[in-house]
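Some features that TrEMBL has for this protein:
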type	residues	note
ACT_SITE	Cys159	active site, nucleophile
BINDING	Arg17, Ile18, Ser127, Asn323	NAD(+) binding site
DOMAIN	8-159	domain 'Glyceraldehyde 3-phosphate dehydrogenase NAD(P) binding'
SITE	His186	site 'Activates thiol group during catalysis'
Amino acid sequence: MANSAPRYRIAINGYGRIGQCVLRALVERHHPEIEVVAINELSDLATITYLTRYDTTHGRFPGEVDNDGECLVVNGQRIQVLCEQDPRKLPWKAFDVDLVLECSGSFKDRATAEQHLEAGAKRLLFSQPAENDVDATIVWGINEGELALSQRILSAASCTTNCLVPLLTILDEALGLEHGVTTTIHSAMNDQPVIDAYHQTDLRLTRSAMHSIVPVDTGLALGISRLMPHLAGRFECLHVRVPTINVSAMDVALTVRRDTHRDDVNSLLLAASQQRLKGVLGYTEAPMASVDFNHDPRSGILDATQTRVAGKRLIKLLCWFDNEWGFANRMLDISQRLATLSAQT
């Protein structure tokens, strides 16, 4: 983080896996125009400090982490730590907050977002799919050009949407998508127990994350239709959790309108990864496993060795993604673009 005060002031509401990764990505990517001024998390400062310094998945924090009894101190910069459940009581006006990153996972509607705005924040970005009433849902690499300062409530969609939609966009433009079925093979998450335990709404989520592949519900088909409305009703999506702590994969089956074969599909996506979607879509022909994509900042990486085409119009793909780090970097990309737009006014 820069020694001089950055212009764009961010508050993180909910300091779990995504919130922690956003702060870390900000340090690793060196954005002097952005400053995290506050973190709101329903935990104590000592635990927040500890979880920032030590990370099982991504390793030790690449900098100095401490606290002074009131603030988290990262590389000498003080970040005010709050513990407030009611967004309306947060001191965003006093902190002159330009953007709240809503990373708690507890909210996704405009009414809740507006509570942050009423508390003094200029705008809010959800770290999950939001309801239809937000001003925009942004998938980096696809529609970030639509970002405008008139938009006050935004969503960065989801890690799965960010992995899938760029890939679908390229294939739709070149081959014309008809229908699709996807299966997300997702690492375990913190709503799963280590050993069997009670869950309020989903019986499958009572089962041990360490010992089972667990099917769960997904809203990915809705996410596709929001970003690609002409495909509404043409996709079915499944989602299973597997006993790994990070890095997921997307198994994608597509039917297309034009004949193709494996080399053509891979060539299309390789070109996109090198040009239009550079830094968003990756491409590999190496014999890699999921752990090899840990801490990869791209939204998705096509495993070209797994591409298959049957009958010239049925395509099968496998795309890896770091469900924590990749998505946190997209949150930061959107934040940086908003900072740039604000600096131009």
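Even glycines carry a Cβ here, placed using N, Cα and C.
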Residues lining the NAD(+) site besides Arg17, Ile18, Ser127, Asn323 (CB within 8 A of their CB center) are Gly16, Gly19, Cys21, Cys103, Cys159, Glu324, Phe327, Ala328
Using Cβ-Cβ distances, find the residues under 8 Å from Asn323 (NAD(+) binding site) that belong to the same chain and are at least 6 apart in sequence, listing them in sequence order.
Cys159, Thr160, His186, Ser187, Asn246, Val247, Ser248
Spatial neighbours, same chain, of Arg17 (NAD(+) binding site) - Cβ under 8 Å, 6+ residues apart
Asn190, Glu324
Including all protein chains shown, what's the count of other C-beta atoms within 10 A of the C-beta of Ile18 (NAD(+) binding site)?
25
Can you tell me how many other Cβ atoms are located within 10 Å of the Cβ belonging to His186 (site 'Activates thiol group during catalysis')?
22
Across all the protein chains here, work out how many other Cβ atoms are within 10 Å of the Cβ of Cys159 (active site, nucleophile).
26
